[in-house]
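Below is one structure, written out as structure tokens, with a few remarks after it.
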Ligand code: P6P
């Protein structure tokens, strides 16, 4: 494959499809550069003062890892001066971060989980940064939390960076899904996959099985049928994977198919699910749909869900279309 850099890809997409206006191109390049800096911090491990927990909790009530805070600060500092953003929102911050008045405000808003899968940091399992881009509504300078409460189908771009054996940036601007691999010798992002497609069928499911007794009946029915294998109603054997790092599980599904599920749990019935809608489920749903897959909350398309709160949670079923359709149908039948 001819060596194509991230910048060249973005310029060519703008020239051929007009899908990446100047400010969006700058935003994507700045986020990609920030992910390189996060990769350097992640890869230091015990050699840098980056492992272990900080002495603080985030808005989710979760103990923050040092790398959660470092990654969040890298993304805020990299993005606030460029003039491409009006504000940012992060899993690690209670409220939105409005671009300071000393900088020009742009037409986009950036949302991110700066380091997803934090429980894996100290045990050297792949983790990642997830980001979502929305257009700022209205043209006055002010921006409020309500401006972020847009359904995921309004995203201008979405992607993640996975810090694994390779460091890869996976991106969509609404014209398919592409992947770039970091060339550490030159520090450049090189296009390595240009049209990622998720197979419609799969024999691999991803879910935290230890929660099985707490799921709703349709969720248990779907998984029990997978476990029944060849002699059961599905007539085929299934494999299971659960990395407990959403970026890693979703990346595997984009690469070879599968279904990822984090469903409602009766232990906290008021919570729709564990994962956050705006900066985890929405960007991943945009990527999965752009790669030919499907993503629902068990009842409706995730990208159609209208958020009520910045840190709202949602049930997630995403991946190979025929499997997501099946598990969604089981949920809808119990309506
Ligand atoms: P559990 C990581 O903390 C995360 O938010 C996702 O990346 C991951 O899919 C999920 O939680 C893992 O949850 O309950 O299996 O530890």
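In case you wondered, yes, glycine gets a Cβ from its N, Cα and C as well.
Unlike curated entries, TrEMBL annotations are predicted automatically.
Because the structure is a prediction, the values reported are computed rather than measured.
Residues annotated as domain 'Fructose-1-6-bisphosphatase class I N-terminal' in TrEMBL: 5-193. Residues or ranges marked as Mg(2+) 1 binding site by TrEMBL: 91, 113, 115. Annotation source TrEMBL lists Mg(2+) 2 binding site at 113, 116, 280. Taken from TrEMBL, the feature substrate binding site applies to 116, 117, 118, 119, 208, 274. The feature domain 'Fructose-1-6-bisphosphatase class 1 C-terminal' is assigned by TrEMBL to 198-332.
Overlay of TrEMBL feature records on the structure.
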residue: 91; record: Mg(2+) 1 binding site; Cβ neighbours (10 Å): 25
residue: 113; record: Mg(2+) 1 binding site; Cβ neighbours (10 Å): 27
residue: 115; record: Mg(2+) 1 binding site; Cβ neighbours (10 Å): 32
residue: 116; record: Mg(2+) 2 binding site; Cβ neighbours (10 Å): 26
residue: 117; record: substrate binding site; Cβ neighbours (10 Å): 21
residue: 118; record: substrate binding site; Cβ neighbours (10 Å): 23
residue: 119; record: substrate binding site; Cβ neighbours (10 Å): 12
residue: 208; record: substrate binding site; Cβ neighbours (10 Å): 13
residue: 274; record: substrate binding site; Cβ neighbours (10 Å): 19
residue: 280; record: Mg(2+) 2 binding site; Cβ neighbours (10 Å): 26
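Within the set of binding-site residues 113, 116, 117, 116, 117 have a CB atom less than 6 Å from some atom of ligand 1. Note: the domain 'Fructose-1-6-bisphosphatase class 1 C-terminal' (198-332) comprises 61 helix, 21 strand, 53 coil (DSSP; helix = H, G, I, strand = E, B).
For the Mg(2+) 2 site, the Cβ centre of 113, 116, 280 serves as reference, and the other residues of the chain with Cβ at most 8 Å from it are 91, 112, 117, 128, 130, 246, 247, 275, 276, 279. A separation of roughly 16 Å, to the nearest angstrom, links the Cα atoms of residue 119 (substrate binding site) and residue 280 (Mg(2+) 2 binding site).
Within 8 Å of the Cβ centroid of the Mg(2+) 1 site, not counting the listed residues 91, 113, 115, the chain contributes 68, 71, 72, 90, 92, 112, 114, 116, 118, 129, 130, 279, 280. For the domain 'Fructose-1-6-bisphosphatase class I N-terminal' (5-193), the predicted model reports an average pLDDT of 93. Look at residue 118 (substrate binding site): DSSP puts it in a helix. According to its DSSP assignment, residue 91 (Mg(2+) 1 binding site) is coil. Taking the Cα of residue 91 (Mg(2+) 1 binding site) as the reference point, the closest of the binding-site residues 117, 208, 274, 280 is 280.
Rounded to a whole number, the distance between the Cα atoms of residue 113 (Mg(2+) 1 binding site) and residue 208 (substrate binding site) is 20 Å. Distance from the CA of residue 116 (Mg(2+) 2 binding site) to the CA of residue 274 (substrate binding site) is 13 Å.
Among the binding-site residues 113, 115, 118, the ones whose Cα sits within 10 Å of the Cα of residue 280 (Mg(2+) 2 binding site) are 113.
Other residues of the chain with a Cβ within 8 Å of the Cβ centroid of 116, 117, 118, 119, 208, 274, the substrate site, are 120, 244, 245, 246.
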